[in-house]
Amino acid sequence: MGQGDESERIVINVGGTRHQTYRSTLRTLPGTRLAWLAEPDAHSHFDYDPRADEFFFDRHPGVFAHILNYYRTGKLHCPADVCGPLYEEELAFWGIDETDVEPCCWMTYRQHRDAEEALDSFGGAPLDNSADDADADGPGDSGDGEDELEMTKRLALSDSPDGRPGGFWRRWQPRIWALFEDPYSSRYARYVAFASLFFILVSITTFCLETHERFNPIVNKTEIENVRNGTQVRYYREAETEAFLTYIEGVCVVWFTFEFLMRVVFCPNKVEFIKNSLNIIDFVAILPFYLEVGLSGLSSKAAKDVLGFLRVVRFVRILRIFKLTRHFVGLRVLGHTLRASTNEFLLLIIFLALGVLIFATMIYYAERIGAQPNDPSASEHTHFKNIPIGFWWAVVTMTTLGYGDMYPQTWSGMLVGALCALAGVLTIAMPVPVIVNNFGMYYSLAMAKQKLPKKKKKHIPRPPQLGSPNYCKSVVNSPHHSTQSDTCPLAQEEILEINRAGRKPLRGMSI
């Protein structure tokens, strides 16, 4: 081997594992950290050991093997035994764009990010329901300022950026907000959640009982009407709900009103509160009761019309069932699954619409094949007198319900019915596994977040210092600042990070 080949060879020690390659290989990706190792003055810019003739980096050796192979082959693959965030950090350190990951490994690389987005989508209330934390904390038992700030940030935007208690409002606002919003924030929050759950169940039970004949006796009523020359008494009969059910509903509404007002007053972010669909449901379910009580004493015709309309829209009370999503993880998982599977549901609707249109048309003409000459409309021997009627039959058949109110009576119609049933099974079976997988993913993430131990303190890594082995000093020492190949963007980012840390030094860190 010639002397020129020896001078082109370079040794890189990453985490105790030595890697050998050629400088020409490192030059294939200019502007990256490894490309700077191929420069003549790299010995003064990185941690170089002249005795071992190697550069040292205290990084993950297994990930570096894949990164070095990217320089050799031009294809960047993601190791299956490395967590996604770790691989992402290594790519950022070596200055490699994540979009260079091969398509075969992109799903593996994106898996961790999708999981993080799924966890973040669960929103404010944490899924950690540790009994020890619940018993230890209360609205008056708070931890340090960091715990209060973290709790407030989880639930909404904080009015106190520094998280320090300063006054009655700043101290009690996040606690009372968590008391009514986060059932797992404290022991007393659990009591409030149990009370809310009890009133929800009582209200829904009362709503259902009000429709039973046993609780709606028929009473005789009289009404005096004004006529041209006097008055006229009109007798009529009307179903009237038992009074005790109205009283029970009134007690439930009083609790819901108190809960809603407390959440409105102590909400840190009023705009986000108004946009929340559950809060809109709470308001819509409460309002008709007060309007009905206020208008029940009026005798005008307009008031009676409005009162009759309010009695019709009592069904909005059933929407309170959605309040249970605050207390049950499974319901939240189902909601996130439905939102995440919107594309699959749209695809299913499109497939069903196409199938309904096709088979409704086919069954209409198939049933007309056997029509008698004296019955040109085929109304005597078939239920399918037109195509729109066939839409109902096609929907029932493709969804495998089969009510039996409409069915084909000719051999050609039976053949179309069989094809319609088979097509419906295949159409529904295609998007269902995707929806089931989404539910399984969200449920596993919810269980993982529920069992995740509470982190007391978060370690803040020390920023790279000037002269550090992992610090790229090319921007400081190199006289070239003109092109991307002569400028180290990684060093620029690290210098900006040091400058930011120098302007606002962190506790326990020396700059």
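Quick reminder: no glycine exception, Cβ is built from N, Cα and C everywhere.
Annotated topological domain 'Cytoplasmic' per Swiss-Prot: 1-190 (among others), in sequence order, evidence recorded as sequence analysis.
All protein chains shown were included, and the count of other CB atoms within 10 Å of the CB of C105 (Zn(2+) binding site) stands at 17. For the recorded site, C105 (Zn(2+) binding site), the DSSP three-state label reads helix. Summarising the annotation, Swiss-Prot assigns Zn(2+) binding site to H77, C83, C104, C105.
Residues or ranges marked as region 'Disordered' by Swiss-Prot: 121-147.
Per Swiss-Prot, the feature compositional bias 'Acidic residues' maps to 130-147.
Among the features that Swiss-Prot reports, transmembrane segment is placed at 191-209 (among others).
Look at Swiss-Prot and you will find N220 (among others) tagged as N-linked glycosylation site. DSSP assigns N220 (N-linked glycosylation site) to a strand segment in the three-state reduction.
Here Swiss-Prot flags N229 (among others) as N-linked glycosylation site. Listed in sequence order, the residues of the same chain lying 6 or more apart from N229 (N-linked glycosylation site) and placing their CB within less than 8 Å of its CB: none are present.
The annotation transmembrane segment is assigned in Swiss-Prot to 248-267 (among others). Within its own chain, the transmembrane segment (248-267) has Cβ neighbours under 8 Å at 156, 173, 176-177, 180-181, 192, 195-196, 199, 202-203, 206-207, 273, 279, 282-283, 285-286, 289-290, 293, 320, counting only residues six or more beyond its boundaries.
According to Swiss-Prot, the feature topological domain 'Cytoplasmic' maps to 268-276 (among others).
The transmembrane segment annotation in Swiss-Prot covers 277-295 (among others), and the record cites sequence analysis as its basis. Under 8 Å from some Cβ of the transmembrane segment (277-295) lie the Cβ atoms of residues 249-250, 253, 256-257, 259-260, 263, 303, 306-307, 310-311, 313-314, 316-317, 319-320, 322-323, 325-326, all in the same chain and six or more residues away from its ends.
The list of residues near the transmembrane segment (309-331) in space but at least 6 beyond its ends in sequence, with Cβ under 8 angstroms from a Cβ of it, reads 125, 127, 181, 183, 193, 196-197, 200, 203-204, 207, 210, 256, 278, 281-282, 284-285, 288, 291-292, 295, 443, 446-447, 450. Here Swiss-Prot flags 309-331 (among others) as transmembrane segment, drawing on sequence analysis.
Here Swiss-Prot flags 332-344 (among others) as topological domain 'Cytoplasmic'.
A Cβ distance under 8 Å defines the sequence-distant neighbours of the transmembrane segment (345-366), meaning residues of its chain 6+ beyond its ends; these are 338, 384, 386-388, 390-391, 393-395, 397-399, 408, 410, 412-413, 415-417, 419-420, 423-424, 427-428, 430-431, 435. Feature annotation from Swiss-Prot assigns transmembrane segment to 345-366 (among others).
Marked as K(+) binding site by Swiss-Prot on the basis of similarity to another entry: T400, L401, G402, Y403. L401 (K(+) binding site) falls within neither a helix nor a strand when secondary structure is assigned with DSSP, and so counts as coil. Around the Cβ of L401 (K(+) binding site), a 10 Å sphere holds 10 further Cβ atoms from the protein chains shown.
Here Swiss-Prot flags 415-436 (among others) as transmembrane segment, drawing on sequence analysis.
According to Swiss-Prot, the topological domain 'Cytoplasmic' annotation covers 437-511 (among others).
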Cα proximity to N220 (N-linked glycosylation site), best match among binding-site residues H77, C83, C105, L401, Y403: Y403
Long-range neighbours of the transmembrane segment (191-209), counting only residues six or more past its ends (CB under 8 A): 179-180, 183, 215, 245, 248-249, 251-253, 255-256, 259, 314, 317-318, 320-321, 323-324, 326-327
Listed in sequence order, residues not in T400, L401, G402, Y403 with Cβ within 8 Å of the centre of the K(+) site Cβ atoms: V396, T397, T399, G404
Euclidean distance between Cα atoms of C105 (Zn(2+) binding site) and L401 (K(+) binding site), Å: 42
Tertiary neighbours of C104 (Zn(2+) binding site) (same chain, Cβ under 8 Å, six or more apart): H77
Candidate nearest C83 (Zn(2+) binding site) in space, where candidates are the binding-site residues T400, G402, Y403 and distance is Cα-Cα: T400
G402 (K(+) binding site) to C105 (Zn(2+) binding site) - Cα separation in whole Å: 45
T400 (K(+) binding site) and C105 (Zn(2+) binding site), distance between Cα atoms, whole Å: 40
